[in-house]
């Protein structure tokens with residue numbers, strides 16, 4: 001995917017927000033945060049691979065010109081579909097009614113796949129409605145999370 005001049009300008013602005021030394025460079029440690037600030041959705045393994053590619057020694061600061069080609073990779077833009085995530089959670093729907101316990105959802109999110117921290121799960125669960133048994137409509141949950 002080739003970025004337009006406008007998209008590159010916006011990306012540069014976001015990139016420079018993370019320039020803590022005023023040298024128009026960022027630490028390679030901030031690559032994942034920067035990508036997510038640009039509405040990308042890389043897995044932690046992808047972030048690690050990108051960091052190694054851009055900064056094999058782990059000590060350098062990265063310029064925007066080195067970083068920009070990363071934005072054109074299609075893989076960091078594909079978080080999966082609502083259906084894919086819903087299908088993944090359906091395995092835990094013991095009663096096949098569209099609900100799973102909030103406790104089980106927390107366990108899944110913190111221990112399987114791309115593991116989240118408890119704090120991240122807390123943020124995702126803010127405002128999520130549960131039924132009288134403490135269960136969550138997981139399809140609605142996935143839709144809400146993916147819409148931001």
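Each Cβ is built from the backbone N, Cα and C atoms, and glycine gets one as well.
TrEMBL entries are annotated by machine, without manual review.
Sequence annotations record features per position, and here TrEMBL assigns domain 'EF-hand' to 6-41 (among others). Residue counts of the domain 'EF-hand' (6-41) by helix, strand and coil are 22 helix, 3 strand, 11 coil (DSSP-based).
For 80-115 (among others), the entry in TrEMBL reads domain 'EF-hand'. For the domain 'EF-hand' (80-115), DSSP puts the residue distribution at 19 helix, 3 strand, 14 coil.
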* Structure fact -> Near the domain 'EF-hand' (80-115) in space but 6 or more residues beyond its ends, with Cβ under 8 Å, are 43-44, 121, 124-125, 128, 130-131, 133-139, 141-143, 146
* Structure fact -> Taking every residue in the domain 'EF-hand' (6-41), the average pLDDT works out to 90
